[in-house]
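Per TrEMBL, the features are:
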- 144-178: repeat 'PPR' (REPEAT)
- 206-240: repeat 'PPR' (REPEAT)
- 241-271: repeat 'PPR' (REPEAT)
- 280-314: repeat 'PPR' (REPEAT)
- 315-349: repeat 'PPR' (REPEAT)
- 350-384: repeat 'PPR' (REPEAT)
- 385-419: repeat 'PPR' (REPEAT)
- 420-454: repeat 'PPR' (REPEAT)
- 513-547: repeat 'PPR' (REPEAT)
- 548-582: repeat 'PPR' (REPEAT)
- 583-617: repeat 'PPR' (REPEAT)
- 618-652: repeat 'PPR' (REPEAT)
Amino acid sequence: MSSSPSAANLLALLRRNAASPAVALRLFLHLSSAASPPPPRSTSFLARLLAAQPAAGTLLPRLLRHVLSFPDPSPHLLALLYCSDVLPLRLALPAFRSLRALASVPPPPTPVYNRLILAALRESRLDLVEALYKDLLLAGAEPDVFTRNLLLQALCDAGRMELAQRVFDAMPARNDFSFGILARGYCRAGRSFDALKVLDRMPSINLVVCNTVVAGFCREGQVEEAERLVERMRSQGLTPNVVTFNARISALCKAGRVLDAYRIFKDMQEEWQQGLPRPNQVTFDVMLSGFCDAGYVDEARVLVDIMRCGGFLRRVESYNRWLAGLVRNGRIGEAQELLREMAHEGIQPNSYTYNIIVSGLCKEGKAFDVRRVEDFIRSGVMTPDVVTYTSLLHAYCSKGNTAAANRVLDEMAHKGCAPNSFTYNVLLQSLWRAGRITEAESLLERMSEKGYSLDTAICNIIIDGLCRNSRLDVAMGIVDGMWQEGSVALGRLGNSFLSVASDSSNRQRCLPDRITYSILISALCKEGRFDEAKKKLLEMIVKDISPDSVIYDTFIHGYCKHGKTSLAVKVLRDMDKKGCNPSTRTYNLLIRGFEEKHKSDEIIKLMSEMKDKGISPNVMTYNSLIKSFCERGMVNKAMPLLDEMLQNEIVPNITSFHLLIKAFCKIADFPSAQMVFDAALRTCGQKEMLFCLMCTEVSTYGRWTEAKNTLELALEMRISIQSFPYKQIIAGLCEAGEVDHAHSLLKLLIAKGYTFDPAAFMPVVDALTNKGKKQDADMLSEKMMEMADFNDGLATDSGKITPGSQRHEHAKNGQSDWRALLHRDDSARTIMKITKRVRTGWGQRGNVYEHKQQQNDDFYVLENTG
């Protein structure tokens, strides 16, 4: 059929009106008809034009309906399907179904199926990938290598590695992508040795696949295997490139082996002239993130200086990594300085930059910080987006403050910031975990009204909530039902759930996955129902869902928690038989079980086994052995482990040193405890927790002079002393007759500008009075009154708190310890005098403060009741 002149010129008209897609669509509808259909090229051009528009959801269906009115719509439907790379899947599928419904038309060619399968894979519709592949076979089309690679990718993404292996073995032809997809799937499943077998089957070794397997081994702690593969690459003439080294560094950092990663990084810096690749921007960024994630802020700061000098700190992405590290490690002040530096250097912060600040403050778990973040958002410095609001929601929900979370949702609606599925999932998860099922139902209905359909992630949230609320059997019934009914299985919870889940299009999307079974198995193990947990493990395997190391770790953790370490060892052996490589975490869980039973010999055997398998122990592994020795009074065996850790490039953490300090104090070997403390300061830095634990331990055994010396060192370092036992130290010094030392410690606290509990003054005032030093006692009494007034002023002030301030503690407890002391039965003349002064002072102000919890928040406010 020949086209009319208007139809023949249609493509040119569409191109001239490309700037106005709605006008182009009207021209197409007007100039084409059943009697005069346009060329398929016009349909394809218009489809791509409309797909790029925000209103594509309404424009494209109009185009499809018009095309279906043609006598033979098949060429136009094919033209639409060839646009599947830009069309949303929900619009491409109706065109595909319409084409398949035409009885006289042959099935689409393989490239059309490939485009649809690729679109389904991009949207994680793994069920649709399988359905389209089966339809291709039923239609008599021949899948090519690309088709089979897409199916292989879908199976690997779903964790169905056994089926993926069978598909791979049955492929008549493979390319490097086929090998790479399967190897990457095994590495993501924690089965890098299986990935190595895939690499061994390649006709010629491939750099990309090698890099994938190297990274997989590093993630699993199999550093020796990774090094062997790198050497194999070199021996076969394949030079490891910067991507190889970046993969190793990244994987080692993620596995917590930051020092190993830095060793490689340093070699790249120093030996690039001997054939090693030079570090690039990615190398520096990855190493920076590794230091920050591990808490090595000082080392990260040095690296940042090197990046500045080398020109590697010129991107907002690099600044964001350093900013995230500072915020994550509580260096909020430095983070604010970094924002100012970015402005000075002309680096424009993006929304992610500000969201780092917001998210970091929210995750500190301090309610007043969350309110401060809200003030920051409303100040106009940044424009909050859905990520910003979701961070606020997460902060409130993590504290169970759903009223404030709902207020944030209302503000989002008012600002025109539409919540996404993750936003709703955060709130939904908090409601389920809090057991507020009725509100969770209402939220699900609200999500349904907004067009959000149920998926496996939401079903998993509900299943997890049921398990946490002692409804494990109900959760198991729902999972069983999901295999037949999809999300409709949620109808077992009540009619409101049935109405939300009744959409038939969701049934196939809500199939149980590895996370579903992980939730159930974890809940069963916690309740000691191990036989049922093993049945769920077998069910996973039957359903082609490969259990990963996390599932096996769950069994090991459960058995150890219930004291069944022998069964936990059997699980470890079973992992080896099934080809699921145990990780450092696996051994740590088992070692922790033997630690609880004080079986140091078994721990040593397991650590030896780890080394034989090339699995490197980490600081948690050594801490378990140190704790086991210390609790058995074998400190002489625990102490050498510090040197062994350093020799293995494992940095001891605060817990390592705390265990030893506590053990030495327990046997009254205080010089050794001091030696360990000094080593801790050199290794971990001047951390508040170190000073605090040292003060606490020596104070426990009445070593007040040592405690005073440590506290004074902390004061010189300007460390916050809120958690320090400073009141006990001052009182202990007075009881031991060291009044002058206690007095000097008080004066140092005052001189350094610390704000602390006035109760600390009382023992010194008593002791000075008893020694006849009335002038000193009176001066301290006046200072105590000033401190009391200042603390009460802080309780209503929103300003910055000086180090050592008891503001938060006072607001929580309702009264300070020093006021309680005023009501003790004490006939000392000085105490009566101070009491009279204090009462007079309060009478002059005429105010009494009490605390009241807000109805909608978790915050406490001080209310002046006159």
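Here the Cβ of each residue, glycine as well, is placed from N, Cα and C on the backbone.
Just so you know, TrEMBL annotations never went through curation; they're auto-generated.
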Among 144-178, 206-240, 315-349, 420-454, 583-617, stretch most in contact with the repeat 'PPR' (513-547) (C-beta, under 8 angstroms): 144-178
PLDDT averaged over every residue in the repeat 'PPR' (280-314): 89
Positions on the same chain near the repeat 'PPR' (583-617), where near means CB under 8 A and six or more residues out: 190, 220-225, 255, 257, 549, 552-553, 556-557, 559-561, 563, 565, 568-569, 572, 575, 624-625, 627-629, 631-632, 634, 637, 648, 650
The repeat 'PPR' (513-547), counted residue by residue under DSSP: helix, strand, coil: 26 helix, 0 strand, 9 coil
When counting Cβ pairs under 8 Å to the repeat 'PPR' (241-271), the leader among 144-178, 280-314, 315-349, 420-454, 618-652: 280-314
Summary of DSSP states over the repeat 'PPR' (280-314), given as helix, strand and coil counts: 27 helix, 0 strand, 8 coil
Helix, strand and coil counts within the repeat 'PPR' (420-454) (DSSP): 26 helix, 0 strand, 9 coil
Helix, strand and coil totals (DSSP H, G, I; E, B; other) for the repeat 'PPR' (548-582): 27 helix, 0 strand, 8 coil
